[in-house]
Every structure is written in structure tokens, then in C-alpha cells.
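Worksheet: the structure to be examined is printed underneath.
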Number of protein chains: 2
Amino acid sequence: MTTRRRRDKAATRAALLDAARLRFSRQGFDGVGVREIAADAGVDAALVFRYFGSKRELYAQAMRPEVPDVPHGGPDRPAGEIAADLLREVVLADRGPAGEHPLVAMLRSSGRADVREQLRVRICDEHLAGFAERLPGDDAALRAEMLGALLLGLGVMRSVVGSPALTGAGPARIEELFSAMAAPLTRDQ
Amino acid sequence: MTTRRRRDKAATRAALLDAARLRFSRQGFDGVGVREIAADAGVDAALVFRYFGSKRELYAQAMRPEVPDVPHGGPDRPAGEIAADLLREVVLADRGPAGEHPLVAMLRSSGRADVREQLRVRICDEHLAGFAERLPGDDAALRAEMLGALLLGLGVMRSVVGSPALTGAGPARIEELFSAMAAPLTRDQ
DNA sequence: GTCTATAGCTAGATAGAC
DNA sequence: GTCTATCTAGCTATAGAC
């Protein structure tokens, strides 16, 4: 009863961001109110506006990864290995209570133009650009985006659609099939 | 000035359904109000509740396809051809003003449990089940769902993310790469 | 640093006039 | 068959007390 834990700006901010990430991921931008998020964080809704200015800005900060998502390793790393890394990160990784990669969750809010823009930048420019550089041939960008489509689709099928076989299958078998599908993309065309 | 076109229950219902399909697809369930939809249809918002009872029911009816989506052809049709048909239907087809397949659009409303359920039924049971029957091997369902993931991902990348290479590429090249990726799924494992 | 109170607006839904 | 008017409840956001 001595340490009140309130009156701590950093902790409150962090609690709001955590609660926002979870709620926004599950229900989409329009599906949640700031009151709900603040209640989850154990504080008042007015603090959302004090710390973030608007619900929109809270969304932006909550869904932005604090650390660059996945490094691609050295310049001579095989494309197939990078693809397998992306699979583990986007699809197979245990995501805690949210249960899905932020990029998959953001699809729920893709009615908003700014969210679509964020999706494009993060998927194409951050995740796939480095991958495309390692691909031979002249339509490397297209093949990189087709790999991105497979990754995104797998994430959606598992955590949004809840498709039974893909949800129940072991990671090893999924990795095996994924590698076979990705192989035609990494060869020179 | 004689045919007033109003006072026509069927036409009003249809106009509401069309407007709803477009708005819900673009903005998601929570991103639109019934007033907007009614205004698009040129009628009053009260008619939404008269004809459909609730916004939720309007969504359900607007996004439900009136005709079964895609037949798979005879029982001896090769799996590869069916896959190519699905690609054309889900990804490459011109969708008019909506611009994307309803199943892709429904991802924007997947914060709602009933929408997720609809997605699972239509993707897994209606689209993929018939495809899985034609695949050899014992994890046919898993491989069918991985094909579904690729299709859904391609639809998302093109019409939600707006990835540049996939959006600009010609259908022929996309079909070619898609077939190569799908091939490992249709062979016996 | 946090909360109460509330402004200002828009939402879904209903009743009843025409 | 359609619209006007309205109810109730929710929303984001702000002002100011503590």
C-alpha cells in the first residue's frame, strides 16, 4: 500500500500501449473505444489524449514495432534461409495473447488509408526489399511479393480464418511444404 | 416523370444491398454507418431496419454470394486446373467498383466472431474441400489450405496492401509463378 | 500525474405521420 | 412503402479540479 505504482508516467504509457496493441489487434481500430483500452490499463481514458493526443496516434504507436522486425543476415545468406526465417517470424512464432503478427492484425483496420500505407511500407519496403535483392533475375520484386503473399496468407489462414489443418499441423511439415512452394521463386527465372 | 422508381420494395432492397456491399467491402463493418449506405441507395436509413432488421443482418446478406462461388468441374479434372481457376476467381478477376473478392474484403471485419466463422466456412468448406478431395496423400487438407493461403495472400497483397510489382504484373506471369508454387501441393507427398 | 465532468457529435434503432 | 422525428447510448476529445 506504499508503492502506489500510479503517478508513473512511463508505466502508464507502457500499460496503455500494451492494452491498445491487444485490443486493436483483436477488434480493429473502429472496434474498440479508448475507454476500453484505458480500463484494461487500469487508468482513465483522459490519459490517452494527454499522452498520445488522439486515438489514431495511439494506434500508430501501439502497432509500430519498437525494434526492426527481422534482419536478413549477411549479404551472401541464401534466399531460402531468409524465407524460412520470415515464415517463423510471421507465421509460426508464438505471439502471446495477441496470437498473430501485427501485420496480420492490421488487416482488420485496413479500411483506413493510413493503415494501408503502413502495411505497404512495412511489408514491401522493410520485409521484402532486402529479400528481393538476393533474388536473381529481372522480376525479383514480383517474386519477393509472391513470397510475401504466401506468408501473409498463411498468417491469415491460421489466426484469422482458423483453418483446421493449418492450425493443427506441426511446424516441421508446414516448413517443408513452404520451402517447396518458395523454391520456384528463388531460382533464376 | 411517370415511373417514380420509388415505392418499389424489391428495387429499394436491391439498391441497399448493392450500396452496403460496396461500403462494407471498402470500410469494414464498423467503418460505415447505415445512414451512409442508405444515402448511397437514395433512400432513408429507416428502411434498412424495416427490410433487414439490423445493420448486422444487412452485412450478412450483402456479403453472402447469391450464387455458389466456383464449381470445380468433373471429378477427374486435374487439381492444377482447379487451382488456376481459383486464382482467376479470387485474385485476377475484375471485381468492378469493389475491387476485391468478398472474402478478402471480409478480413476488414474479422474483428467480429460471426465474420470469422463465415470466412472459415466459405474458405475451408466451400472453396477448399472440393479441391482437397482431388489431392492424393494423407495430408490433402493441409495442402489445400496452403493453396488457399497463397490465394488469399495474393488477393490481400494486390488489393489491400497495393504491392507495386504484383499490382502491375501481367496475369500471365502471375499465373506462371502461381502454378510453379502450387505444383508441390498437388503431387503426392 | 490522474481523475471528474462534460461538451459535441454520431451511432443504431423505433414510432408514427403521410 | 417511405420519410420525419426522436430516443438512447456510445464515441472522441477537452477543461479544469485535485
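Backbone N, Cα and C atoms are what each Cβ position is placed from, and that goes for glycine too.
Here TrEMBL flags B:33-52 as DNA-binding region. The domain 'HTH tetR-type' annotation in TrEMBL covers B:10-70.
Counting only same-chain residues 6+ beyond the ends of the DNA-binding region (B:33-52), those with a CB under 8 A from a CB of the stretch are 6, 9, 12-13, 15-16, 18-20, 22-23, 58, 61.
Across the range of the domain 'HTH tetR-type' (B:10-70), the DSSP-based residue counts are 45 helix, 0 strand, 16 coil. When averaged over the DNA-binding region (B:33-52), pLDDT in the model lands at 98.
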